[in-house]
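Asker: Dumping the structure here so I can ask a few things about it.
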Ligand SMILES: [Cu+2]
């Protein structure tokens, strides 16, 4: 009974990202005009943010150029979506084996308040060791999300808060061009070939 | 990197596989109650379970309770326009003749206010309250944080 649901929401994701991009018009207008479809993530080379990984190292998008890249957003306080995504990704990486060694696989926390590098380190120890986690000042996470046309929003909940966020996984070619999105909880029969096409 | 999966399987060897037992109340069959290990008790835990209604009348899961959480509630993960959120679910429908799963990426029990860390290999009881069938308490097996469900021989995979 462990049916995996393939949720096909690619276009919806783009629409959601568009809403966020419009909200960021003021910020965007200061940057260079995108040469690509404004609903799609920017090429990595045009992104600009500085975050810190779970080992305390500084990471900028320019560090990713030269390797195929897989990026997703999440936070460690959610017990359903995020472990499910990380578990899916760990499974994909295992299916790909050493082929995935040169893939940059990175989680960007949408809850930098609670997700310190130490928290990310504890959390990621439960999943494939090739997965990196990034956190940093909220303004830098917002700049990152804007580059990916991703959305996140802190929502008060039962005296605490949760964070709604873009659930897809973004794939980029080694030169930083956007390749495709793997939708939330997408079946590995579809996900693994998409990643393989990006790696090779 | 097969090691994590192997380790997860080995740790279950010799343990009574609680999640693989079937419990009944009225016309409802409760199976595969499991949870994921947590880091500490500050973060919420999760509850997954499958409910089969073998009767001819619809029922609904309306509440959950457990000694390991001060504020357990029912949630449903929904993805709208590519954005994931998890609104409260007032109840989870259990239609006649159907199996309903609280499963990763959909309906789940959200165990807020944990009173203890949930450790892989351990278990805890949960009381499920149904609108018509009433209450039943079943054991929940804590699996690894990256588990996708219990491995039961009778589970139709
Ligand atoms: Cu929840």
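Just so it is clear, glycine is given a Cβ too, placed from its N, Cα and C backbone atoms.
Predicted automatically and left uncurated, TrEMBL annotations should be read as such.
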Asker: Per TrEMBL, which of A:165, A:173 sits in the Cu cation site along with A:78, A:82?
Answerer: A:165
Asker: Which whole-number mean pLDDT does the model give the domain 'Thioredoxin' (A:40-200)?
Answerer: 94
Asker: What are the non-local neighbours of residue A:82 (Cu cation binding site), defined as same-chain residues 6+ apart in sequence with CB under 8 A from its CB?
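Answerer: A:74, A:75, A:76 - these are the non-local Cβ neighbours of residue A:82 (Cu cation binding site), listed in sequence order.
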Asker: State the three-class DSSP label for residue A:78 (Cu cation binding site), counting H, G and I as helix, E and B as strand, and everything else as coil.
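Answerer: It is coil.
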